[in-house]
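**Student:** Have a look at this one.
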DNA sequence: AACCTGGACAACCGCGCGCTG
DNA sequence: TCAGCGCGCGGTTGTCCAGGT
């Protein structure tokens, strides 16, 4: 039994969006806000699938999008986050304000992948390729071998993974990367951190109120990050501080 | 000038997950 | 408890365009 189609395909436009369709979508979302994508096309007078509207808005029409080329810093950040998160483009995009998952995914496939290959690094594993003569250091993050523990206590292994990620990336792989990752929430600041708004690495991975959650415990324990030293490199609101 | 090729990016498709009744 | 619905995500495809032959 197949899944029912998300919309009536017979009477929906496909392909590139016209200026008029864009204007209609923008006007409707400005007036009513986004969400409820299934009913939005009809309400906005668009002959489009709701998913198509959502994609168009998120990837192209949203006012807070940062158009234009990726900077070298963004490149490196994407590479580091990809080595940590894999193809979790939405998670990566969450740490790059103004960039969308689709944009990052495309950029990865067209630019960064090639860049890594030219450096002799396998883009999918972040390992140095065997044929290179460069010394082989730890270049990947593996959770293999924790299977027994994971089955017994999934929560524990999650926190252990968090610590492992921090250890490998901070101490061995990316000594310049602070993995107290934080996502800014532009509309609704929740946690004040010396003027910054952020959620800690543990929270961003979905483990809130844990003992390792630095933002949930923020009142009691201040982040020991470089932010308190005023050491800014423009990534404060990404939560990735050098 | 015409054709071919590959890069870049917008858009589509199918699936998984969470929510709700 | 479970089925249906809607949303979001990641992979894939389609289209446009610039550069090369």
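Positions of Cβ are set from backbone N, Cα and C atoms, glycine also.
A TrEMBL annotation is a machine prediction, not a hand-curated record.
What TrEMBL records for this protein is below:
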| type | residues | note |
| --- | --- | --- |
| DOMAIN | A:9-61 | domain 'Myb-like' |
| DOMAIN | A:9-61 | domain 'HTH myb-type' |
| DOMAIN | A:62-116 | domain 'HTH myb-type' |
| DOMAIN | A:62-112 | domain 'Myb-like' |
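Can you tell me where each of these features sits in the structure?
**Tutor:** Here the domain 'HTH myb-type' (A:62-116) is broken down by DSSP into helix, strand and coil counts: 36 helix, 0 strand, 19 coil.
On the 0 to 100 pLDDT scale, the domain 'Myb-like' (A:62-112) averages 85 in the predicted structure.
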**Student:** Which numbers of helix, strand and coil residues does DSSP report for the domain 'HTH myb-type' (A:9-61)?
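**Tutor:** Helix, strand and coil residues of the domain 'HTH myb-type' (A:9-61) number 34 helix, 0 strand, 19 coil.
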